[in-house]
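Feature annotations, courtesy of TrEMBL:
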ACT_SITE  355  active site, proton donor
ACT_SITE  386  active site
ACT_SITE  514  active site
Ligand code: F6P
């Protein structure tokens with residue numbers, strides 16, 4: 001069954017939210033905190049090792065009720081059933097969307113076209129386990145009989161960002177293997193990443209669902225040519241493995257079919273890290289940790305599937321984001337993890353969020369008359385505080401921000417961790433309260449700033465605050481909590497796509513750029529520039545003249 005087709009802006013809840021927004025747009029969070037001592041008690045969700053405090057938002061109970069009404073009117077509950085049941089909700093590609101099946105228990109019965117997919121999911125998991133155990137233990141060897149020391153993941157988009165983010169996030173749990181990632185077709189990138197590697201001890205994991213992606217195939221060919229400077233064509237089978245649906249192209253490349261790990265068309269590239277696309281993760285941290293990552297994601301799936309929507313973390317965060325995006329006109333959201341381990345979380349979620357919900361045609365085939373996908377960006381704290389936080393505090397734009405922090409440090413450095421977390425708490429408090437005139441004047445008194453100078457400086461130092469934040473306070477960064485965190489954002493994407501009445505699981509816009517690049521490459525190779533707009537023609541000619 002397809003997803004229902006309801007223009008959210010035509011719902012009664014949307015109209016009521018509009019009217020309610022008129023009352024709320026100037027509402028002060030500080031006043032709401034003062035008026036209600038139990039605000040944080042009301043507006044938080046505790047689940048497993050997560051405490052999600054959403055009280056620092058420009059909302060009251062009525063806002064939340066109306067947002068929940070909106071979810072009901074578009075039948076979010078029904079859409080969730082279709083999603084988990086493997087219905088072809090990716091309608092424009094005629095596919096199910098079942099990354100949740102990749103982390104479901106073996107006993108589950110999840111059908112695609114009437115066929116339970118769990119046996120193939122577990123066959124792939126067993127293959128990942130066996131392969132990664134052999135590489136990590138050193139029993140699987142390279143062409144000269146030496147154990148592998150380095151793994152190079154070659155892929156792009158969903159075939160790179162997920163594994164790269166997780167390998168970095170779980171570096172604390174990493175074994176002796178060094179894992180590198182090559183993604184960009186930029187030849188300097190691949191050459192830099194190959195630097196210092198020994199072909200005898202390097203394993204290449206080529207990840208491409210289609211095995212037709214220009215960047216990945218170019219990088220794989222370059223890596224193979226580099227390898228063949230010392231080894232022979234027969235040795236390729238020992239050093240190159242693939243994750244793909246395209247067995248034909250993979251075997252033509254010289255990869256042994258036994259070393260091909262499957263992907264399925266019911267798992268989108270940007271949601272695929274839970275499949276064999278996560279092979280590099282399993283190599284870096286061992287299969288058991290990879291499985292714990294999946295387990296954590298599955299627990300979030302269950303929370304999302306079963307918790308009442310008022311206490312449902314992905315639902316609540318998605319609705320809050322819709323409140324700002326569609327009523328306050330906020331254009332972007334920031335995501336600030338207070339751990340350096342999560343420095344790739346924002347780039348990873350940029351693909352998840354922006355490739356999924358960057359759509360302007362509704363499920364009815366008509367252009368939407370409301371805003372859809374949010375722009376997502378971020379960097380870890382405290383670095384980001386010294387980079388772009390000024391704009392969040394005092395700029396003209398409203399940027400709802402998620403703060404993600406952990407109670408326990410991994411290396412036990414409590415001195416640093418307490419400093420880190422004091423910044424974490426201080427920022428959301430500062431964004432809430434800003435600085436009053438009275439506070440600034442009191443500071444002036446202490447510093448002895450008086451007279452005209454004080455009058456001049458006052459407006460620059462006073463700021464209103466009232467900037468919305470969500471705080472995700474998690475016990476510790478582990479494979480399980482990371483899995484839950486990533487799954488949380490995946491489900492947030494889903495909820496927003498359902499409400500915005502768009503198809504979240506295709507990416508036709510990206511495909512156009514790929515097609516054009518291929519035809520322009522032909523022109524660059526032949527030197528024969530075809531008809532383009534005058535700008536593109538002139539630029540191509542300038543490039544060809546000097547290249
Ligand atoms: O960016 C577009 C895209 O199709 C992504 O969705 C996908 O993750 C990426 O390209 C790579 O595709 P493939 O795994 O087929 O090489």
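Glycine residues also receive a Cβ, built from the backbone N, Cα and C atoms like all the rest.
Summarising the environment of residue 514 (active site), the number of other Cβ atoms within 10 Å of its Cβ, over all protein chains shown, is 12.
Comparing Cβ neighbour counts within 10 Å across the active-site residues 355, 386, the minimum falls on 386. The residue listed as 'active site, proton donor' sits 14 Å from residue 514 (active site), counting Cα to Cα. For the recorded site, residue 514 (active site), the DSSP three-state label reads helix.
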